[in-house]
Amino acid sequence: MTTQDELKRIAAEKAVEFVPENEYIGIGTGSTINFFIEALGKSGKKIKGAVSTSKKSGELLAQYDIPVVSLNEVSGLAVYIDGADEVNHALQMIKGGGGAHLNEKIVASASEKFICIADESKYVSRLGKFPLPVEVVESARSLVSRKLLAMGGQPELRIGYTTFYGNQIVDVHGLNIDQPLTMEDEINKITGVLENGIFARDAADVLILGTEEGAKVIYPCQG
């Protein structure tokens, strides 16, 4: 039986093949991305630099002598590599379990291609089992929570966590996310919301799944 970490590593190592040399790339956050950074560092593949979405990813990139640059220093990114908490057959995702989804959306939007890497347990027919992270301004937390409650969700403050931008995270359980694009937009319209963890406008272009049979490359709506 292959462990979850081994499945993540399988996907991460396959993703290195999708990284073009002599280009700037974007790097996400999370345990699967840690395996990807390790694989990229050991591959010998040369890139100009990487824009990191978190301090932890940046530190790991530096360990492998991969140049870390800011998004303001580059005109665009060839590819963005990141994991997901859930990903559906249209390659729309829920992300932000690590609280970095605002930065992740910014970097993803600057990239020509989004490669999602995950173990096979993250591939679902319908989003919503994983709680949806919503980054909120602290002073609007109660207001936003009431609005989310009215939308059918069960909001819960992520205790003791502050985002990179000094905001709070409300994790929303039980939302009906049959229409991810609509839900993403509706939540972002709530005053006091900075960003939510539905990636429908910035869906992945390619999904690389780590499975018992090896790495599986999936494109939108292939099933």
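Glycine is no exception: its Cβ is also placed from the backbone N, Cα and C atoms.
Of the residues Lys48, Lys55, Lys122, Swiss-Prot places Lys122 in the same substrate site as Thr29, Gly30, Ser31, Thr32, Asp82, Gly83, Ala84, Asp85, Lys95, Gly96, Gly97, Gly98. In the three-state DSSP scheme, Asp82 (substrate binding site) falls into the strand class. Using a 10 Å Cβ-Cβ cutoff, Thr29 (substrate binding site) registers 26 neighbours. Other residues of the same chain near the substrate site, with their Cβ within 8 Å of the Cβ centroid of Thr29, Gly30, Ser31, Thr32, Asp82, Gly83, Ala84, Asp85, Lys95, Gly96, Gly97, Gly98, Lys122, are Gly28, Ile33, Ala118. Look at Glu104 (active site, proton acceptor): DSSP puts it in a helix.
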